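Residues annotated as active site, proton acceptor in Swiss-Prot: E91. The annotation active site, S-methylcysteine intermediate is assigned in Swiss-Prot to C340 on the grounds of sequence analysis. Look at Swiss-Prot and you will find C111, C115, C118 tagged as [4Fe-4S] cluster binding site, backed by sequence analysis. The annotation disulfide bond is assigned in Swiss-Prot to C104-C340 on the grounds of sequence analysis. Sequence annotations record features per position, and here Swiss-Prot assigns domain 'Radical SAM core' to 97-329.
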Amino acid sequence: MKPSIYSLTRDELIAWAVERGQKQFRATQIWDWLYKKRVQSFEEMTNISKDFVSILNDSFCVNPLKQRVVQESADGTVKYLFELPDGMLIETVLMRQHYGHSVCVTTQVGCNIGCTFCASGLIKKQRDLNSGEITAQIMLVQKYFDDRKQGERVSHVVVMGIGEPFDNYKNVMCFLRVINDDNGLAIGARHITVSTSGLAHKIRDFANEGVQVNLAVSLHAPNNDLRSRIMRVNRSFPLEKLFSAIEYYIEKTNRRVTFEYIMLNEVNDSIKQAQELADLTKTIRKLSYVNLIPYNPVSEHDQYSRSPKERVLAFYDVLKKNGVNCVVRQEHGTDIDAACGQLRSKTMKKDREKVTATK
């Protein structure tokens, strides 16, 4: 199975081409074809010799993904189900915002973090995506825009899809370098957010990278007891370790951290828990932000339900009175399979039913 050429940074592409007797400018031409003209095959690169096109074809594919399902919401949100070369399925979501077009990418096939409310973890991690497979998600959404010929572009990226990005650290960092490259897609670092469930040692590594990419932490509980019950990762990285790493990140980067907090009815949404959350974030208040997220119910996790609006607002009010920067997240795609992992799970179930029916 040939790797995608999207898995190379520009410097890596230059080194690869030079090793094969090409001048540096040849790699620059190829890079332009990929990310500015956004061709789908090497044969479309008209200023590259046929001999070198043949070498490219022998070494790489361009986009390794196949589009299986597309769902479009009334609010313009588009959810894609892509098939990988080995037949596995991943999800990608395009969200239209007032400030631009944001794409949520997947980094792993399945997830081992084990959050008890999440559709992503219904299927255990089967493998990491390589950097080319992550980049390819952006490229196919950008192709959707290019085909519409309205001058639209992917302006923001959130690494919040299926999987734990910091459990696939090397490939995620390569992906970030590719999409941020000024000579390519040129998606600004401050328009990119990486979300982690709380791998404290990787937060420290990320702080040391020196990148301007935003960091979000999936918190979802204000104390160790509850967080360990609903997020298995907390047993390895309890709040003390997590917040030590977050404080290191803030000190090292002077950048704000966003805390994601899914509102689960009568689980983590009480007034007492709001005060606990305010107290937990007190020492980093100036450089932290809390995002309260309405829960998208998952049939396999029917022990959870969405917090009523009045409970969300009461929770929000406590945070605001304590000086916490916070917002209730605007929902997208509520009329389609909105929860992360839902579309993939449903499609896999249908595929299994088809196989069973033919036996």
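Even glycines carry a Cβ here, placed using N, Cα and C.
Between the CA atoms of C111 ([4Fe-4S] cluster binding site) and E91 (active site, proton acceptor) there is a gap of 13 Å, rounded to the nearest whole number. Fewest Cβ neighbours within 10 Å among the recorded positions C104, C111, C115, C118: this applies to C115. Secondary structure at C118 ([4Fe-4S] cluster binding site), taken from DSSP and collapsed to helix, strand or coil, is coil. A Cα-Cα distance of 14 Å separates C118 ([4Fe-4S] cluster binding site) from the residue listed as 'active site, proton acceptor'. Taking the C-alpha positions, the distance from the residue listed as 'active site, proton acceptor' to C104 (disulfide bond) comes to 9 Å.
Neighbours of E91 (active site, proton acceptor), defined as other CB atoms within 10 A of its CB across all chains, total 25.
Cα of C115 ([4Fe-4S] cluster binding site) to Cα of C104 (disulfide bond): a distance of 19 Å.
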